[in-house]
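These features come from Swiss-Prot:
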type: ACT_SITE; residues: His447; note: active site, GMP-histidine intermediate
type: BINDING; residues: Asp141, Cys144, His249; note: Mn(2+) 1 binding site
type: BINDING; residues: Cys144, His281, His372; note: Mn(2+) 2 binding site
type: BINDING; residues: 248-252, 372-373, 421-424, Ser428, 447-450, Lys523; note: GMP binding site
Amino acid sequence: MSSGYKPGKKRIIQPIQPIKKELIDFHGCQIPKECEPYLERTNVSLIIKKGFINGMKNDAEMFCNEDLFELLMNELLNEQPGASFSSCVRQTANVATLPGVIKSLAMPDAHSGYGFSIGGVAAMRLDDPNAVICPGGVGFDINCGVRLLRTNLDDKDIEPHLAELADALQKNIPSGVGTTSTQTLTEKEMNEIMNEGLEWLVKKGLAWKEDLVYCEENGRIINSDPHLVSQKARGRGRNQLGTLGSGNHYLEIQRVDEIMDKEAAKQMGISHIGQICIMIHCGSRGLGHQVCQDFVDMCVSQSNKNEVDIQLTGVPFQSDNGQKYFKAMNAAANYAFANRGMISYHVRCTFEQVFQKSPKDLDMHLVYDVCHNIAKEESHLVDGKEIKCIVHRKGATRAFAPLNPVIPDAYKPIGQPAIIGGSMGTCSYMLVGTQEGMKKSFGSTCHGAGRKISRVNAMKNISSDSVVEEMKKKGIELRITDPKLAAEEADDAYKDVKEVVETCQSAGISRIVFKLKPLIVVKG
């Protein structure tokens, strides 16, 4: 199983196509000579200096170790004029030109995306009336996020039931492109869900009241307005509540494989190696995608198009259109909270069916639920002064420091949990936020492994059959709606998640608490 790319030390990579630019060696990699004066390598990051892109308001920073740095330089070297997306380095610099920006950052898992890189973080100061909110800085899957449930089961308890459990989960939780649930929501229910989020499920007896405590924003963002969500978006979400979707979304049954911080793990109810957990990764489905598309279209048609990159076109946050997008985005985010909550309901019911014990008896408590595609109003210290900001996190996880008032009381001594999913067949991690992260990254860390090669290139270079076979060899029960697409999510298509989380720890923006390995993977 090969992507055609093998990481190596100090490797000089040749361009895919001839580029008529003079090249220069930069820390063992070749880059266009014109870029070199504006790049600085530290032991944990790449600094992109003002001037790399005309109009940059300040330096930008990308957290990376040596191997991840190589990938960034390779992408910069090979970027082509007229391509759909610029290189991740250029996108991070582009964001530093936006009105009101305090700093543009990229996490170690960053890769090119629409407007912002996926893994991009940027805070805009709200004392600047021109500070923008940018749909391309949130992404199309609004409030894509991850939640982790724990159990009191061990791997030895679950091993005899792996195939049965995998089949039942695939049956009970629809996944794949355009999949629908058995329930079609009424207009009234849609409005309630987009307003109340996870609270709606609690009222219906489909989620536990304590789930609200262990969910970012308590599972409901107050400043939302469902009436700003178009009928087209509503139509796409009406029958998708409780569905996984496709792409990198998944449901995994995992075992705790290693505990690095026993005290922090204990606070989360994780006590020993072999303990079984459930990880759910999904977002707002077609509804969120359409909300983003509607407001991208609005921004481009009604605003001055961004001269650096049209994909970065946004609107002033405090303008009427800025507030409309923000409130519609929050409505979609509430739908995503409810979606993950509904999937959790089906997971709890499935475990009860297979193990003949109630979810309460199985200790199926929510450890935490995090967002990683969202923009939020927050306050951060900037040059010693507390500044109100709108913080964009696109493929990045909020990871606030210990004692922060917005995190649950149980986690105040350790910091906000940040759940980091690895590529299919590899490990995942639980991190917590740090005080240093509040200073360096607006309380943000990575969100996953991050793509190394595109889906198209993965399908060209990796055999889906070999991916499925490799999962079998690892003893992982894989349930995938379309096995022909398995190559898109192959391990070789992604960066090494271990390198990503260790880079975050080395940079001081988060700490590793424990590692999980998959036993069952359910994908679209």
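Keep in mind that glycine also has a Cβ here, set from the backbone N, Cα and C atoms.
Note that the structure is a prediction, hence the values are computed from the model and not measured.
Within 8 Å of the centroid defined by the CB atoms of Asp141, Cys144, His249, the record's Mn(2+) 1 site, lie the Cβ atoms of Gly145, Gly245, Gly247, Asn248, His281, Cys282, Gly283, Ser284, Arg285, Asn373, excluding the listed residues themselves. Of the chain residues outside the Mn(2+) 2 site list Cys144, His281, His372, Asp141, Asn143, Gly145, Val146, His249, Cys282, Gly283, Val370, Cys371, Asn373, Gly395, Gly421, His447, Gly448 have their Cβ within 8 Å of the site's Cβ mean position. In the shown protein chains, 22 other C-beta atoms lie within 10 A of the C-beta of Ser423 (GMP binding site).
In the three-state DSSP scheme, Leu251 (GMP binding site) is classed as strand. Cα spacing between His447 (active site, GMP-histidine intermediate) and Asp141 (Mn(2+) 1 binding site): 14 Å, rounded to the nearest whole number.
For Asp141 (Mn(2+) 1 binding site), the nearest neighbour among the binding-site residues Asn248, His281, His372, Asn373, Gly450, judged by Cα separation, is Asn373.
Look at Asp141 (Mn(2+) 1 binding site): DSSP puts it in coil. Sorting the binding-site residues His249, His372 by the number of other Cβ atoms within 10 Å puts His372 first.
Rounded to the nearest whole angstrom, the C-alpha distance between Leu251 (GMP binding site) and His372 (Mn(2+) 2 binding site) is 17. Non-local neighbourhood of Cys144 (Mn(2+) 1 binding site): His249, His281, Cys282, Gly283, Ser284, Gly288, Ala336, Cys371, His372, Asn373, each in the same chain, at least six residues away, with C-beta under 8 Å from its C-beta. Each of the recorded positions His281, His447 was scored by other CB atoms within 10 A of its CB, and the lowest score goes to His281.
Sequence-distant contacts of Asn248 (GMP binding site), defined by Cβ-Cβ distance under 8 angstroms and a gap of at least six in the same chain, are His281, Gly448, Glu489. The binding-site residues listed here are Leu251, Asn373, Gly450; among them, Asn373 has the most other Cβ atoms within 10 Å of its own Cβ.
In the three-state DSSP scheme, Gly450 (GMP binding site) is classed as coil.
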